Structure formats: C-alpha cells, structure tokens
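TrEMBL lists 21-40, 52-69, 90-111, 131-151 with the feature transmembrane segment. Positions annotated as domain 'Tripartite ATP-independent periplasmic transporters DctQ component' by TrEMBL: 28-161. Feature annotation from TrEMBL assigns region 'Disordered' to 171-190.
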Amino acid sequence: MIGQRVLHYLDRFTEATGTTLVWLNVLLVISMCLVVMLRYVFNHSSIPLQEATMYLHGTLFMLGAAYTLKHNEHVRVDILYQRFSAKGKAIVNCLGTVILLLPMLLFILIYSWPYVTASWDILETSQEANGLPLVFVLKSLIPAMVVLLLIQAIAEIIRNLSTIFAATSTTTTTTPTNTASKTTASTFKD
C-alpha cells in the first residue's frame with residue numbers, strides 16, 4: 001500500500017517534469033527556426049541565440065530522460081522481450097534497472113561531480129565573446145539528470161516488483177469454484 005502511494009507521487013513528479021519540458025520543445029523549434037532564418041535569409045548569425053538553442057536541446061535531453069524512462073520509450077532491442085509475459089517483462093525491467101541503470105547513474109554522478117563543481121567554482125561562461133554566461137548552469141543538468149532518473153528508477157522498481165508479486169499471488173491462489181467451473185465448461189465442450 002505504501003509502495004503504491006510512493007509510486008503515485010514519483011510518477012506524478014516525473015509527469016509534471018515531462019509536461020513542463022514539452023514547452024521547451026516549442027521554444028527549441030522557434031529558436032532553431034530563428035537561427036536558420038537569420039543565417040540564410042538575413043546573412044546574420046547570433047551566437048547567443050545559437051547557444052540558447054544548444055542549451056534548450058541539452059535541457060530537453062538531460063531532464064527528459066526520466067520522463068522517457070517512465071513511458072518505456074528508450075531504445076531497446078526487443079528480440080525476446082516482446083514474447084515475455086507481464087511478469088517476465090517486469091523481472092527483466094527490474095534486473096535492468098538494478099544491474100544497469102543504477103550503477104550507470106552512480107558512475108555518471110561520481111565522474112561528473114568534479115567537472116560540475118569546477119564549472120561552478122569559476123562560474124564558467126561561454127568561450128564566445130557574445131556567448132551566454134551560464135555554462136555552469138548547463139553543466140548542472142548532468143547531476144539533475146541523475147537525480148530525476150534515480151527518482152524514476154525507484155518508481156520503476158516499485159512498479160515492477162508490484163507486477164512480479166501480483167502475478168505470483170494470482171497464479172498461486174485458485175479457488176475451488178474457479179476450478180469447478182473450468183472443469184464443467186470443458187465437459188460441455190467435449
């Protein structure tokens with residue numbers, strides 16, 4: 001019961017993040033169109049606008065990873081997975097989360113932390129003269145991605161364990177009336 005409540009709140013948080021990021025997609029398309037139009041129609045380039053487009057893309061990619069995980073939309077090779085039962089898929093998902101995703105998140109956090117803190121120490125800015133002065137904020141998206149993916153990984157573990165144990169409890173409990181009705185139905189078929 002508590003697991004389902006926690007799952008509900010974690011999923012709501014990820015959904016809210018994803019819904020907010022949808023609007024960044026609109027801004028990304030508009031800024032990209034402006035960059036192209038300025039360059040090819042007016043023969044002018046805007047470094048701040050180009051960098052803003054890059055920042056939006058990075059933000060969408062980094063912060064949208066958890067939303068994509070929630071909706072099971074990451075790239076996957078489904079040679080055998082599609083043939084598994086719901087319980088089998090839940091086992092594969094749970095093992096993949098624990099064995100692959102969580103260690104990868106730890107690796108990313110450990111190795112990106114010095115990179116991010118060094119950027120904050122000097123309040124890193126763009127290398128371009130007219131560039132945006134927020135490179136340190138952009139680099140902060142790396143640990144933010146780890147946190148968001150960790151939140152969603154916990155939700156996925158709860159969801160998959162719930163599926164595994166629900167499938168186990170429904171297969172082990174059979175009532176005599178169900179067995180009797182199946183026997184009666186098969187007798188009438190013959």
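Here the Cβ of each residue, glycine as well, is placed from N, Cα and C on the backbone.
TrEMBL: automatically predicted annotations, no manual curation.
Within the chain carrying the transmembrane segment (52-69), a Cβ under 8 angstroms from the stretch's Cβ atoms is held by residues 14-15, 17-18, 21, 24-25, 27-28, 31-32, 35, 132, 134, 138, 141-142, 144-145, 148-149, 151-153, 156, all 6 or more beyond its ends. On the 0 to 100 pLDDT scale, the domain 'Tripartite ATP-independent periplasmic transporters DctQ component' (28-161) averages 91 in the predicted structure. In terms of DSSP helix, strand and coil, the domain 'Tripartite ATP-independent periplasmic transporters DctQ component' (28-161) has 102 helix, 0 strand, 32 coil.
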